[in-house]
Amino acid sequence: MNVTPVPLSQLAELISADAAGGDIDVTGVTHSSGAVRPGDLYAALPGANRHGASFVGSAAASGAVAVLTDSDGLAPALEAGLPVLVVDDPRAVLGAVSAAIYGEPSRRLTMIGVTGTAGKTSTSYLVEAGLRAAGLVTGLVGTVETRLDDFVVKSVRTTPEATDLQAILAAGVERGVTAVVMEVSSHALVMGRADGIAFAAAGYTNFGQDHLDFHPSSEEYFEAKARLFDGRAAVEVLNYDDDAVMRLNRDKSVTYSASGNVGASWWASDVRPAAFGQLFTAHGPDGVTVETGVALPGLHNVANALLALALLSGAGIDPVVAGEGILACKGVPGRLEQVDAPGEILGVVDYAHKPNAIVAALAALRELAGVRGGQLICVIGAGGDRDKGKRPLMGEAAAHGSDLVIVTDDNPRTEDPGLIRAAVREGALSSAGAAKVIEIGGRRAAIDEAVRLASAGDVIAVLGKGNEQGQEVGGEVLPFDDRIELAAALGAALGGRS
Ligand SMILES: CC(=O)N[C@H]1[C@@H](OP(=O)(O)OP(=O)(O)OC[C@H]2O[C@@H](n3ccc(=O)[nH]c3=O)[C@H](O)[C@@H]2O)O[C@H](CO)[C@@H](O)[C@@H]1O[C@H](C)C(=O)N[C@@H](C)C(=O)N[C@H](CCC(=O)O)C(=O)O
Ligand SMILES: Nc1ncnc2c1ncn2[C@@H]1O[C@H](COP(=O)(O)OP(=O)(O)OP(=O)(O)O)[C@@H](O)[C@H]1O
Ligand SMILES: N[C@H](CCC[C@H](N)C(=O)O)C(=O)O
Ligand SMILES: [Mg+2]
């Protein structure tokens, strides 16, 4: 990547830092000692586990030419012989510093941001499809992948650290990308990962429970998401149907209602099934109407499509063109993805791993099961080392929304899988729904059992992992893809029956 060297003294001025050890030009920036390239500024950040200052020596050995840190990092940086910038909170300035080093790439891009408990990835894909339809060269940054036009890499985080994010945006500009849609996670907002980006439009899907292992309280989780609406986006789009989200409503806010509330700026009417997905009419400001749709079932996907339309329109795209793009989007990996298997049982994999997502996904699939004259079987677990409070709520949502729940494992990580299952099962059993609940340790065995218990017409929903490719047990990630497992089980059952 072509980067114009930036003098450290210029960065010091930008962030009002105390400088020591002299001036030098920097050509890149990283927060990770293992990723240092010659010429980089190494941001030695205090973390929950350690202080990045303990890696200054190894950063210097890899070619770092300067350090950005706090007062604890000053001595180690000077000892390593590197010039240093000191501020109270280096994370808080990392966005601005990274943007400056990489030439403020977001100013040359139409940036669209999406936050919310569920629906960020789905909405991003729909927005990207709309941007493409309008002839823009697109980038996408989110949970599933990071894409710059036709260059794709798998994502490690939903929202990368500011250092990496600004480098990605700069690489995009260099490749001719003109618009980027990105998911902005609550972690990212707290940790300043998206600081230094001016959004043409930002949207908020919904607010539910998640990540209370990281945020001290639900209110702080909400406050984290609210930061995207602190004035950094020219257009703010809010879900009219979600009271929590609407706490951020201001005069200039644009709103949307999938449930057809005409009080919203954008609202949907005439929602009707079409193949696996849906068609609907979107009504916008000034009497605009757009005939559009989405290739996926469920009212939540109408909401995602409507949000995408409002964001695109807010960013200056013709809504009719945006609507065509959204309608043409083929789907989202691992989100209500139909498994490719013969037979009369429909297998669907979905990434629902929080209560409101499970409610939404199962509502969509129950309707489908009803049309098929079958029952809805739900295979579900909860991830280890994550928000423990959501586990019973997930179980409850699963039992409320389906006819049979098979409680199993989902990335137990360092926890005892049996204890996680017990929490999910307890919630499932407490549900007022009439679902039968069984527990099967081992995800493959649970999927096999779902297929064994299913009859023609039934829908099997395997929830929680979506397009994930592995099951994390202890420190190890074992290869596992729900789509492959479910297809194999369905295929094997058919073989056995014929
Ligand atoms: C809670 C959280 O997000 N933590 C992130 C944070 O960790 P931390 O501040 O505790 O850092 P630390 O481990 O104490 O290390 C301190 C510093 O030393 C540096 N270091 C550390 C070791 C080393 O060898 N060299 C080195 O330079 C680290 O880069 C860091 O800057 O900064 C680290 C460096 O960037 C991140 O890797 C780490 O992400 C952790 C691993 C993580 O799992 N994050 C997830 C939860 C996350 O961000 N998820 C969201 C939401 C997903 C969703 O919505 O589902 C996402 O956007 O992906
Ligand atoms: N608008 C929505 N409202 C409620 N649930 C939704 C909505 N959109 C998607 N979901 C559900 O949430 C799951 C995850 O969707 P998606 O990946 O789009 O969300 P996300 O916010 O990016 O999630 P994550 O933070 O885990 O990356 C889907 O598989 C679906 O079950
Ligand atoms: N980005 C999310 C994904 C969770 C997916 C689910 N399969 C789980 O392991 O809980 C997280 O790391 O919390
Ligand atoms: Mg996502």
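All positions are counted from 1 along the displayed chain.
Note that Cβ sites are derived from N, Cα and C of the backbone, with glycine treated the same way.
Please treat TrEMBL annotations as automatic predictions, because they have not gone through curation.
Feature motif 'Meso-diaminopimelate recognition motif', per TrEMBL, maps to range 410-413 of the set 70-73, 250-253, 410-413. Per TrEMBL, the candidate among Arg386, Arg425, Arg444 that belongs to the meso-2,6-diaminopimelate site alongside Asp410, Asn411, Pro412, Arg413, Gly464, Glu468 is Arg386.
When the recorded positions Ser122, Lys225, Pro412, Arg413 are checked against ligand 2, Ser122 have a Cβ within less than 6 Å of one of its atoms. Comparing the Cα of Ala118 (ATP binding site) with the Cα of every entry in Arg386, Asn411, Gly464, Glu468, these being the binding-site residues, the smallest distance points to Gly464. The distance from the Cα of Asn411 (meso-2,6-diaminopimelate binding site) to the Cα of Lys225 (N6-carboxylysine) comes to 26 Å. Within its own chain, the motif 'Meso-diaminopimelate recognition motif' (410-413) has Cβ neighbours under 8 Å at 353, 380-386, 420, 443, 464-465, 468, 471-474, counting only residues six or more beyond its boundaries. Checking the recorded positions Ala118, Gly119, Lys120, Lys225, Arg413, Gly464 against ligand 4, the ones whose Cβ sits under 6 Å from it are Lys120. Listed in sequence order, His211, Asp213, Arg413 are the same-chain residues six or more apart from Arg386 (meso-2,6-diaminopimelate binding site) with CB atoms under 8 A from its CB.
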